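First the structure, in the form of structure tokens, and then the observations on it.
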Ligand code: F6P
């Protein structure tokens, strides 16, 4: 078979490990030809694709980013591509497609599958907000990077008796902030699922200093918001891909805390550092397993499905289950994080 593979949406550590695994399983075991489509669905639309051989994937297990490139594509162009799915597939000569991406990519993958281009999805995102899989690859790496940042901020915060506000990725969900916040022992964890009360945060910091502690670390997700009627803050505009842009809560929070407490506060925006570099061992293994199962899914004809981690096993689950709702931090997980504050 000729199997196309593409990576779409924001990149994340482990994408290359999936590509490598698809090539190994597809070529070595099934005699497939793997066609790498450049820059996600943009490459499919523009007919930019190239064969990917065993040699091309040497060394990819540990390499961050994606050798195929990735891009976000406007909704109208995706709609056009779905209408022309069969022609586009014929033009680049593929019988089936493995689409590796987040919620937007999986939604598109489902539509392509329904339109006659057989697609298997592989979920990725550092945000870990895709439903129907226990975890996505990239998340563990992002949590490690964020945890290390918190660890490092502690020593400088203590030296200067400061409040450090570290803003982490997570537009709609607080998985990275909750997990790295717990692992790094942050004193405040603010996530989109739980609007925060700035007075409460300030009181918690004040209490710490009163008890003789010399610093405080607040981990805040980029999508976190204040409770209505408290601190005024508006998140950004909607960009040309239809995504609301986030950013600014870390800066705003640090300034507000400085005003309220009369203590020095510094914002640290970790940003894309969380998405770069080599994947952790856990992400390398999960990504490789997803690639292996995606190829098997193609050969079983399990189109319109995606690879999901359930417990220790990889299952094939209808893509519809992944895109119906976002996987947010449940109340019980939040309660556990409060216990360590
Ligand atoms: O969805 C993954 C993600 O990394 C978010 O956490 C973040 O808000 C967004 O992508 C950043 O997107 P971009 O790379 O387009 O700035």
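For all residues, glycine too, the Cβ spot is worked out from N, Cα and C.
Just so you know, TrEMBL annotations are computer predictions that nobody has curated.
The domain 'Phosphofructokinase' annotation in TrEMBL covers 2-298.
Taken from TrEMBL, the feature ATP binding site applies to 10, 72, 73, 102, 103, 104, 105. The DSSP secondary structure for residue 104 (ATP binding site) is helix. Over all protein chains present, the Cβ of residue 104 (ATP binding site) has 22 other Cβ atoms lying within 10 Å.
Within 10 Å of the Cβ of residue 103 (ATP binding site) there are 20 other Cβ atoms, across all protein chains. Marked as Mg(2+) binding site by TrEMBL: 103.
The site 'Important for substrate specificity' feature in TrEMBL is assigned to 104.
According to DSSP, residue 275 (substrate binding site) is assigned to a helical segment. What TrEMBL lists as substrate binding site is 125, 126, 127, 162, 169, 170, 171, 222, 266, 272, 273, 274, 275.
According to TrEMBL, the feature active site, proton acceptor maps to 127. DSSP assigns residue 127 (substrate binding site) to coil, not to a helix or a strand. Neighbours of residue 127 (substrate binding site), defined as other CB atoms within 10 A of its CB across all chains, total 27.
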Filtered by Cβ distance under 6 Å to ligand 1, the binding-site residues 10, 103, 127, 171 reduce to 10, 127, 171
Residue 105 (ATP binding site) and residue 125 (substrate binding site), compared by Cα position, are separated in whole Å by 11
Same-chain neighbours of the ATP site, Cβ within 8 Å of the mean position of the Cβ atoms of 10, 72, 73, 102, 103, 104, 105 and not counting those residues, run in sequence order as 8, 9, 40, 101, 108
The rounded CA-CA distance in Å from residue 125 (substrate binding site) to residue 104 (ATP binding site) is 11
Reduced DSSP state (H/G/I helix, E/B strand, rest coil) at residue 73 (ATP binding site) is coil
Between the C-alpha atoms of residue 72 (ATP binding site) and residue 266 (substrate binding site), the distance in angstrom, to the nearest integer, is 32
